[in-house]
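In what follows, a structure is listed as structure tokens, so that the remarks can point back to it.
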Amino acid sequence: MSLQSPKVGFVSLGCPKASSDSERILTQLRAEGYAISGSYDDADLVVVNTCGFIDSAVEESLDAIGEALAENGKVIVTGCLGAKSDVVKAAHPGVLAVTGPHALEEVMTAVHANLPKLHDPYTDLVPPQGIRLTPQHYAYLKISEGCNHRCSFCIIPSMRGDLVSRSIGDVMTEAENLVNAGVAELLVISQDTSAYGVDVKYRTGFWNGRPVKTRMTELARALGSLGVWVRMHYVYPYPHVDEIIPLMADGLILPYLDVPLQHASPRILKAMKRPASSENNLARINAWREICPDITIRSTFIVGFPGETDEDFECLLEFLQEAQLDRVGCFAYSAVDGAAANALDNPVPEPLKQERLARFMEVQESISAEKQRRKIGRIETVLIDDIDGDQAIGRTAADAPEIDGVVYLSGADGLQPGDLVEAQIVNSDGHDLWAAPPARD
């Protein structure tokens, strides 16, 4: 009579970086012979990977822990909210264990203590690319953990610590395994991608027997040699970022940069403890476009930061008009427990925050709609994400999954997720595109 593998349920919340942590835990669980359960009822215990960045995320995480306790009763908590174990235990004293983020060993120790693995399990081999939560054709590639910045609105360093870069050999081996498994797009993520290697003084590592520096430019060049889409996220606008723009112009990596600028007013940027200035950022953006005219620049901003005046906000709107960014997200400032910004004077009233958010989005939507309209008639390469009847849903090089727009492509016969196809853009709105197979002469 064969022994049955112990079963672990898993709930993953939060950002792509948290998803990457979840994938590592799931991979280790499978490597040790644990089965992964898709339901509370069938699981012997449940691991909940939490988010704790803003109050709404804390509430969602606590609700998820409560649901897992109610439905299963045996719960291990990890992730960013786990860094505040007192908050978790005060709300849910019945949890088995609480660990912080990026804590694979601690999670596995807690699992072993509460659900011992089989001594000699007969398990399926874990694939080289590991267990993934994303679709098979794209994957997040985390290159570092933590952050050396101390932005006044952010508590990430207190939860995830200072910057720790992965060795470039490990990153490239993971990337190769993903590509060999059929991944068509690698999304490079971290807390600060442009700082990759700073903590190890850009130490030289090895990949396939070749020396490669632990540095963003060298990493981008190496990833580009794998022959798949490579998309760069969470890039601070440091001067050395200029080095990867020619790689985009040459088609080695996607002409796409996710650059979190957060504001444009010098006074607010200083209060936020953000690097660079709006003037430098604008000059750098213009220089990038000179080198690579097709570059897509995504950014995020915060309105209603403590002390933000009408003049500061107008400065931000002026920057939007001048920068003509392609993809933009914006949030009304929300106090985060433990953030230095909570102590700043002159908080902005909530109704005014929402008014500014609406005005900001109105300006940006006009910019985005015009940029989308200019794509009508162009032939674009589209990565297929999904098939819905006779229609395919995909993305261009200008669109990251989940946060940007999509392309609705008619005539999906024979297509499947992961395919790269040429399509002619026939219509647009401020977010999405509609396309058809290119007209034949």
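Using N, Cα and C of the backbone, Cβ positions are placed for all residues, glycine too.
Over in Swiss-Prot, the protein carries these features:
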type	residues	note
BINDING	CYS15, CYS51, CYS80	[4Fe-4S] cluster 1 binding site
BINDING	CYS147, CYS151, CYS154	[4Fe-4S] cluster 2 binding site
DOMAIN	6-116	domain 'MTTase N-terminal'
DOMAIN	133-370	domain 'Radical SAM core'
DOMAIN	373-439	domain 'TRAM'
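Here the features listed in Swiss-Prot are placed on the structure.
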{"residue": "CYS15", "record": "[4Fe-4S] cluster 1 binding site", "DSSP (3 states)": "coil"}
{"residue": "CYS51", "record": "[4Fe-4S] cluster 1 binding site", "DSSP (3 states)": "coil"}
{"residue": "CYS80", "record": "[4Fe-4S] cluster 1 binding site", "DSSP (3 states)": "helix"}
{"residue": "CYS147", "record": "[4Fe-4S] cluster 2 binding site", "DSSP (3 states)": "coil"}
{"residue": "CYS154", "record": "[4Fe-4S] cluster 2 binding site", "DSSP (3 states)": "coil"}
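The two recorded residues CYS51 ([4Fe-4S] cluster 1 binding site) and CYS154 ([4Fe-4S] cluster 2 binding site) have their Cα atoms spaced 13 Å from each other. When the binding-site residues CYS15, CYS51, CYS80, CYS147, CYS154 are scored by other C-beta atoms within 10 Å, CYS80 scores highest.
Cβ contacts within 10 Å of CYS151 ([4Fe-4S] cluster 2 binding site), excluding its own Cβ and spanning all protein chains shown: 18. Helix, strand and coil counts from DSSP across the domain 'MTTase N-terminal' (6-116) read 55 helix, 22 strand, 34 coil.
Rounded to the nearest whole angstrom, the C-alpha distance between CYS151 ([4Fe-4S] cluster 2 binding site) and CYS80 ([4Fe-4S] cluster 1 binding site) is 17. The two recorded residues, CYS147 ([4Fe-4S] cluster 2 binding site) and CYS15 ([4Fe-4S] cluster 1 binding site), show a Cα separation of 15 Å. Of the chain residues outside the [4Fe-4S] cluster 2 site list CYS147, CYS151, CYS154, HIS149, ARG150, PHE153, ILE155, ILE156, PRO157, GLN191 have their Cβ within 8 Å of the site's Cβ mean position.
The record gives CYS15, CYS51, CYS80 for [4Fe-4S] cluster 1. Within 8 Å of the mean position of their Cβ atoms, the other Cβ atoms in that chain belong to LEU13, GLY14, LYS17, ALA18, THR50, GLY52, PHE53, ALA57, GLY79, LEU81, PRO101. Note on the domain 'TRAM' (373-439): DSSP counts are 1 helix, 32 strand, 34 coil.
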